[in-house]
Amino acid sequence: MLVRARSKGWRVVVFNSRGCGNSPVTTPQFYSSSFLGDMREVVEHVATRFPKANLYAVGWSLGANILVQYLGQESHTCRLSGAVSLCNPFNGLLTDQNLRKGFNIVYDKALARARREIFKKHALLFEDMGGEYNIPLAANAKTLREFDEGLTRVSFGFKSVDDYYYNSSSSDSIEHVRIPLLCIQAANDPICPSVGIPREEIKENPNCLLIITPKGGHLGWVAGVEALRGAPWTDPVVMDYLEHLERGASKGLASCSNSVCEQQYAEPEGLLSLEVL
């Protein structure tokens, strides 16, 4: 996605959550689907550095959940001019339940393993943590839920894991989004269940557009002429959408077929310069 955007003349900023992408962690707190402080910091920094540029954001998976929550919280004061959410686990409780079913357990174990690896690199930061922290549980977590119980939900002040998942769901943020937002989901996503997609909320918000493909898994949309080189079908779609916004097109978009459904959305006017976040 970055290469495609750069080839079209866009300036690109990549925001890796704490501990991801080999980024250093200097305090005893990782990222979570509820914490928006880092997202807000990045947007403010880029907006200050490029004050005349329009900013656009694209979020994948948990990053999409964080992004949509940010859009909802910022609402009318949001400094972004448009955004795209891909494979968003809109409903934390349903996502947790889905991960513990059938073959999906494989994905759950993989996600837990990734969290453990991040934790091990920074274990010294958590040596003297008391209170409700359960460091051994997090360090040896076999599931994402165990890791969140031992560390994440305590770090961010939640009473329980379910409380954390419930209050970290971006589905409740859709109604407050006031900039153009494209949401792309796959009906067979093993991590983000289709039943959790806030279809009615998106339909009721004129700023939002929803595409649901019958297949694609979790960020696995391998299709199109560039599929053999690893470029997913969504990359050109996302770029077309952002360029459409940047051109300031006033024409809406609405169509529906068996494979793709799109909801009418409102376009902003006067988008002049560019910056991709």
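All positions are counted from 1 along the displayed chain.
Glycine is treated like the rest: Cβ placed from N, Cα and C.
Record features, source TrEMBL:
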ACT_SITE  Ser61  active site, charge relay system
ACT_SITE  Asp189  active site, charge relay system
ACT_SITE  His218  active site, charge relay system
DOMAIN    7-219  domain 'AB hydrolase-1'
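In this structure, the CA atom of His218 (active site, charge relay system) is 5 Å away from the CA atom of Asp189 (active site, charge relay system). Of all the Cβ atoms in the protein chains shown, 18 others lie within 10 Å of the Cβ of His218 (active site, charge relay system). Calculated from their C-alpha atoms, the gap between Asp189 (active site, charge relay system) and Ser61 (active site, charge relay system) amounts to 11 Å. Within 10 Å of the C-beta atom of Ser61 (active site, charge relay system) sit 19 other C-beta atoms, taking all shown protein chains into account. On the 0 to 100 pLDDT scale, the domain 'AB hydrolase-1' (7-219) averages 95 in the predicted structure.
All protein chains considered, the CB of Asp189 (active site, charge relay system) has 25 other CB atoms within 10 Å.
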